[in-house]
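According to TrEMBL, the protein carries these features:
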type	residues	note
DOMAIN	40-147	domain 'F5/8 type C'
DOMAIN	153-333	domain 'Laminin G'
DOMAIN	339-518	domain 'Laminin G'
DOMAIN	520-557	domain 'EGF-like'
DOMAIN	556-608	domain 'Fibrinogen C-terminal'
DOMAIN	766-931	domain 'Laminin G'
DISULFID	Cys904-Cys931	disulfide bond
DOMAIN	932-970	domain 'EGF-like'
Amino acid sequence: YLFRFNIRLLLSTPQRLKCNKVLSIFCFYHFCVSAGAGGWSPIISDRYQWLEVDLGERTKITAVATQGRYGSSDWLTSYLLMFSDTGHNWRQYRQEDSIGSFPGNSNADSVVHYKLQQPAIARFIRLIPLDWNPNGRIGLRLETYGCPYTSDVVSFDGGSSGLLYWLTSGLKRTSRDVVTLKFKALRNSGTLLQAEGQEGLSLSLELERGKLLLLLRKGRTSSTEPQRLVSLGSLLDDQHWHHVAVERRGSHLNLTVDKHTERVQIPAEFSHWSIEQLSLGAVQSEVSQKPVTSKKNFNGCLENLLYNGHNLIELAKNKKQQVTISGNVTFSCAEPVSVAVTFTGPESFLQLPGTTMSSSGGVSIGFQFRTWNKKGLLLSFELPQQGGVAWLYLSEARLQLQIHKSGRALLELSAGASLNDGQWHSVELNSRQGRLTITVDKEERDSSQASPSFPVTVESHLFFGGCPVEDGSQKCRNLFSVFQGCMRLFTVDNQNLDLIKVQEKQLGNYSNLQIDICGIIDRCSPSPCEHGGPCSQSWTVFHCNCSDSGYSGATCHSSVYEQSCEAYKHNGNTSGHFYIDVDGSGPIKPQLVYCNMTEENTWMVIQHNNTELTRLRPFTGVNQYSIHFDYSSEEEQLLAVIKQSEHCEQELSYHCKMSRLLNTPEGSPLSWWFGGPGAGRVQTYWGGAQPGSQQCACGLQGDCVDLQHYCNCDADRMETEDSGLLTHKESLPVRSLVLGDIQRPGSEAVYRVGPLQCHGDRNFWNAAFFDKETSYLHFPTFHGELSADISFLFKTMASSGVFLENLGIKDFIRIELSSSTQVVFSFDVGNGPLEVRVESSFPLNDNRWHRVRAERNVKEASLRLDELPVATQEAPADGHFHLQLNSQLFIGGTASRQKGFRGCIRSLQLNGVTLDLEERAKITPGVQPGCPGHCSSYGSLCQNHGRCVERANGFHCDCNLSAYTGVFCQTEVSASFKSGTSVSYTFKEPYEMSRNSSALPSSIYSDMTLRGENVSLSFRTNQSPALLLYVSSYYREYLAVLINKHVLRSKVRSLANGQLHTANSCALPLDPHCSLHIFYLAHFLSPESDDLDADLSRLASLGFTGCLSVVHFNTISPLKEALLRPNSSPVIITGPLAQSNCGSAASANSYSAENTHHLSGEKWRRHLTFNSIRIDSALIGGTKLLYLCIFFTGLYL
């Protein structure tokens, strides 16, 4: 039945109201009031008031309702709820583990009803006002809803008391085992339950330092080290009830503590394991099977212990024969009254009376505390000597005692370590007979002593946790951090101090304390830190250390790595090893792969343990070989990569001699392989063929060596091979090979399984174009209750528009372009809208791709735009509410069809999951799948005159007009020259025609219209003088570049120093009516040639020894053509020419530095001789005068 409780309030004291309940169904209120009729209204309205309800017995409370005081301006706007079984040790009810306050009323008449998300089991309810109508006072009418609650309870004293259950046929065993219970612990460690089965296999639930552990043991000896399966919960020694459930299904086990569940896998031997006995409360002796006294025994109470639905406590109460009771077991739960106080902030303090100087001239003070903070003042008191003060405080989680007088320290002591672990720690300060001692946790090793020359006693008052606001009457000084935490069990001279009297203002004084409650919260249990980031905390905040996790953000939620090689390429990276995170913020870990960016497609390469050609030799008695392949990536990583990629392949090769492969006269294959998810499925086709065909590539192409067979190796008569690529993604990766026909005399076999290679990122280029403000795409509701991340790229020419929106009844989440320079991330989780903004200094409607990353978690909300600094907004002090959405998710627009977005959205991911915009756009009017035009954003990646070419998904750098090669035209084309090496390039058509053409060249044989000749090259040599380059025309005009150390007067002392130098020259054009004939690199003439001056001819005959790189003449790259296209280009190579990386800066010494030197203008012209050809010249013109400018770059050791 559902009950409403009729509450009659009885006035207890001006500060405290207590009420008794009369249980009835659907009855009216009867209130005791302080000033007139109509509800509860204390005389003083402050936060020290409360209303307490005694329900008479433990009850299941499901809801509360509040109303203002009748006919008044008195009502509450917010309040706290506390629950207790005993009237002491209160526990605050929290919504969603973080939000403590409840919304109240907005007037005196309306009723605000609140259903508790989790019912509370308690006898006492306490309502504490937080805020009220500012134009009135505290006023309240209260109603509570709930149901009767019945339970069976057993109590263990932590000694030898325990219960032992023998699971006979009466307790029916099923295919699964379920144990549920509640416990209340009086000590922070102890064994709650141990289940034993055959062969000494056992599972146990053990409390250790306030955490619940599930342990597995193999063997009955105590020396056997248990295996920890899982740890859940924290601060479980708080003397409150906690719910536990253990469910075993085969080899999996679920452990639930309160509202949190962990799923673990247990060893295979437990899959058919049956429980034979259950022991509770005490550890059983392995010899006598009787409980033994141990610190591991549980001290506390268990409630409603059920095993597969059987009430075990009821069996013990009824003294059933399968139950053995030992020690002091009682079937009730009595607990000691321990009143704690919580110091919440800077204004918190507790003042207690001290002692006067006794005949012994000493003092004894004791208390317990628990905190997460490393620093804080615990206790201070004035010494009888004028100006003397003692401070007991935490510093770096150690206990420190410091006594000061007249501004100097007279004494310092320290004890303990790591006292900020959230556990209760006892402190004792004793001063007797000239000896001062501080002790932590009653441990001698954690104590410190001194013999001061002065008495240490208390002059008047003890101040715990802080000091009152200075009013001139109290002597208290705090030079340290404030204490935030809990304290209890205060003693002075071995006399206990009653904190309830303090609460009732009958003893001492206090401010901003929570009395009779320890409000400590473990913000790291369960850990808000994702992806294995360690969690640490103080009293008010937690911190996630993401440094080794591969993730970033307040909760280590967002991956620091890209999701594919494709994404790395478009960040401007070149080939190399990279970590990729295929699901972003999802659960799959980052993996290290090789990204091959040397081709038009960007390949992701995943290695395994054997990618080389491997020879198999026959062994007697061995009919089959089985080879397993272990990949560098884990199973879920491999499958995610394959799913995400547009194309995957893996080479499968078999070189054979008298070793058949697939086909036999009987039709069954002799060899096969396993591929696909898990261990893989049997595959009976070979590389280059189709799945299920039982063929090799030659069978598909019809060119096998024996047309009666579908594989070359099946001909069984010569050395041959069957090789090809496996491209069916559902069959990848190759997991293992089974090779059969290798045992015959003369059989030889060599196999190779290449690495898994994939290209194309289906997520990275998934895009949609919104051409109207009223167009949008819709998807199912976004679920990001406590943690959400959203990332996407956009480009637009519009100045505003909504990218994304999802609505709830009150809640919403939205990301929009609010202006041409601003992006806004906004949401409401029921406590008012919150906005995070990023302002850009440049327009965002420039039709270029811009990246947006938004994240919301329990600690903060953040927004990042491109590479601008991250903007953040901290969450409210009590944390976020759950984000509750119920509408469809709108992309590119809103439900109202207003403020829609016009432009492209690409690679939209929510919590690491990519939304398929293209598929949805295909069936949505006003939205087009895909979005071309990537060169506007990525074209700058093409270097060295490389040309950006649009592709459907991405772009490509065309390096035909560049002297460089590579994915971004960034790789130098270099060659090593010997003295007899030369490269000549013959212009195919009269050069003046190509130079005067206004059309863009379509091949390497033509050129653009130029105002002058442009020559650039890099070289490395120890030779001087040396000829580097020569260009001649049909009219005996020529242009040459040579080295001579006597001419170039620059900061470069010598160009023939073996270092890399770059020369860039520009000259007035050759006669516009002349035609270029031939282009030479290095040695090209004999000394007797009549084609040019004798001095230059003699220099040319010496040849060139060294390195030439990235040689460029206008739009022609003769060295690149000679090295990469020697058969299709008009080049002639004489002598040895080898491609090399000698022109790369990386080939220089690692200690070298790059220096740029400019030689131009009048200074340069003074060093040229134009009337005759001299060996001293650096660049030589023939019959036509040239205007020259040359720039040199050198790399030095």
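Cβ from N, Cα, C; glycine included.
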| Under DSSP, the domain 'EGF-like' (520-557) has how many residues in helix, strand and coil? | 0 helix, 8 strand, 30 coil
| field | Among the ranges 40-147, 153-333, 339-518, 766-931, the one whose Cβ pairs under 8 Å to the domain 'Fibrinogen C-terminal' (556-608) are most numerous | value | 766-931
| the domain 'Laminin G' (766-931) [mean pLDDT, rounded to integer] | 90
| query | Other than its close neighbours in sequence, what residues sit by the domain 'EGF-like' (932-970), given a CB gap under 8 Å and a spacing of at least six beyond its ends? | reply | 566, 569-570, 572, 574-575, 597-600, 602, 760, 765, 795, 847-849, 1001, 1004, 1016, 1110-1112, 1115, 1117, 1119-1120, 1124
| task | Measure the Cβ-based neighbour count of Cys931 (disulfide bond), defined as the other Cβ atoms within 10 Å of its Cβ. | result | 24
| request: Would you mind listing, in sequence order, the residues at least six apart from Cys904 (disulfide bond) in the same chain with a Cβ closer than 8 Å to its Cβ? | output: Ala767, Ala768, Phe769, Phe770, Phe794, Lys795, Thr796, Cys931
